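Listed in TrEMBL for this protein:
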- Lys208: active site, proton donor (ACT_SITE)
- Lys108: NADPH binding site (BINDING)
- Glu193: L-homoserine binding site (BINDING)
- 357-430: domain 'ACT' (DOMAIN)
Amino acid sequence: MTDPEKKTLRVALLGCGTVGREVVRLIESQSDDLTARVGAELQIAGIAVRRGGRDRGVDPALLTTDAHGLAVRDDIDLVVEVVGGIEPARSWLVDALKAGKSVVSANKALLAEDGATLQEAAAAGGADLYYEAAVAGAIPILRPLRESLHGDRITRITGIVNGTTNYILSSMDSTGAGFNEALDEATELGYAEADPTADVEGFDAAAKAAILASLAFHTRVTAADVHREGITEVTAADVASARAMGCTVKLLCIAERHTDADGGESVSVRVHPAMLPRTHPLASVGDAFNAVFVEADAAGQLMFYGRGAGGAPTASAVLGDLVAVARNRLAGARATPESPYADLRIRPMAEARTRYHISLDVSDKAGVLAEVAAAFARQDVSISTVRQEGRGDDATLVAVTHTATDAALAATVEALRELPIVRNVVSVMRVEGGESK
Ligand code: NDP
Ligand code: HSE
């Protein structure tokens with residue numbers, strides 16, 4: 001039990017990398033203000049790292065390589081986890097929460113994989129679990145979803161929630177930079193995950209999508225429920241094609257509420273690259289910035305925008321949570337945890353409806369267009385526009401569909417691949433932000 005008279009709250013910091021270093025800097029540089037805002041001093045009592053014996057610009061006496069021992073130590077009130085990964089972070093946090101220590105974490109991978117276990121441990125220990133930094137860096141989005149919009153009914157969230165991939169796609173679009181060159185820059189700037197595969201293959205965005213969908217739809221959504229495609233297949237030609245259509249390519253996370261045929265409701269959650277009209281509010285989100293576009297019945301459309309990655313922006317969100325859990329601790333209170341009471345069905349990707357941009361390498365001869373159009377028609381996929389680029393052996397046919405299900409589109413692509421006149425299905429990309437579903 002915290003002593004109500006205690007005027008110091010002792011913080012265990014797990015991790016002192018890109019984000020952890022900035023957490024230390026903010027706690028130290030804003031010490032007086034934080035004390036005034038919390039009503040007690042926030043004192044860093046220990047810092048866990050993986051590799052000892054390195055100068056990290058912090059008091060060496062605070063450093064330890066025993067993260068678990070630090071997290072459960074009797075004198076610790078609050079734990080900040082900025083390490084990442086599932087294990088051993090999960091075990092440290094479960095034990096800390098069960099021991100009554102409130103936790104602030106930026107670990108979206110863990111929260112999306114097994115947030116339920118952490119919530120149960122928090123309930124068992126009467127502790128808080130806050131994780132604003134886990135989604136969209138500095139942007140306050142989780143608190144608005146779980147507090148400000150709690151009286152509303154959210155219907156859809158469309159977000160750019162991965163800074164690294166947005167940096168890469170924006171560079172490819174604006175400067176014609178190559179994929180690898182832009183990824184190296186994003187890594188150098190501290191945006192990428194320890195293993196950037198998590199960024200470029202969409203795992204990081206999928207984890208954030210699961211967290212957003214869980215809060216928005218009061219339903220337990222895990223990373224495994226999210227349809228995920230990364231940006232490694234996006235080519236300079238796709239970016240140029242998008243440009244020709246007045247679009248840009250973005251890695252989007254889309255979480256939607258649907259009404260089913262039986263009148264019940266379901267949710268779909270997906271992450272994939274998509275062409276987006278340049279007039280869409282998300283199209284102008286460049287560099288490593290993130291934005292989350294929320295649609296709700298009463299509030300209408302809301303857009304949250306800001307720095308989605310990097311040490312200082314992420315530390316800002318961590319500090320906001322730290323102040324909140326510290327205040328709760330002093331008040332002897334605990335935030336009401338989110339309830340997955342709605343328990344909506346998760347729709348499979350096959351049922352998702354959107355538009356598609358399909359680029360085909362075809363023989364340039366009479367009747368090609370008719371054969372291609374017939375393949376779409378057989379699956380009931382309606383074509384909105386079609387154009388031919390090049391001639392002879394270089395002919396490319398580009399079709400954009402009206403809204404269709406993913407299943408119908410997949411069957412169409414399969415059929416196109418079988419047509420002798422189609423030499424290659426060059427690319428298939430979804431088109432978002434246009435006609436209604
Ligand atoms: P870094 O890789 O820069 O830092 C990770 C830190 O954790 C390092 O200090 C590392 O120690 C320490 N660590 C790793 N394994 C252990 C272990 N077994 N025991 C003790 N310490 C360990 O990561 P970031 O700071 O970039 O990210 C941290 C978390 O924040 C991740 O969950 C990430 O997804 C999340 N996040 C990151 C953002 C960003 O922009 N970077 C934005 C939003 C969230 P050592 O220094 O010795 O290697
Ligand atoms: N690697 C992540 C990104 C960090 O690029 O968005 C922020 O969560």
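Cβ from N, Cα, C; glycine included.
All TrEMBL annotations are machine predictions without curation.
Structural mapping of features recorded in TrEMBL.
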| residue | record | DSSP (3 states) |
| --- | --- | --- |
| Lys108 | NADPH binding site | helix |
| Glu193 | L-homoserine binding site | coil |
| Lys208 | active site, proton donor | helix |
**OP:** Quick one: of Lys108, Glu193, which of the binding-site residues has the smallest count of other CB atoms within 10 A?
**Re:** Glu193
Subject >> Cα-to-Cα gap, the residue listed as 'active site, proton donor' vs Glu193 (L-homoserine binding site), nearest whole Å >> reply: 13
Subject >> Number of helical, extended and coil residues in the domain 'ACT' (357-430), per DSSP >> reply: 27 helix, 30 strand, 17 coil
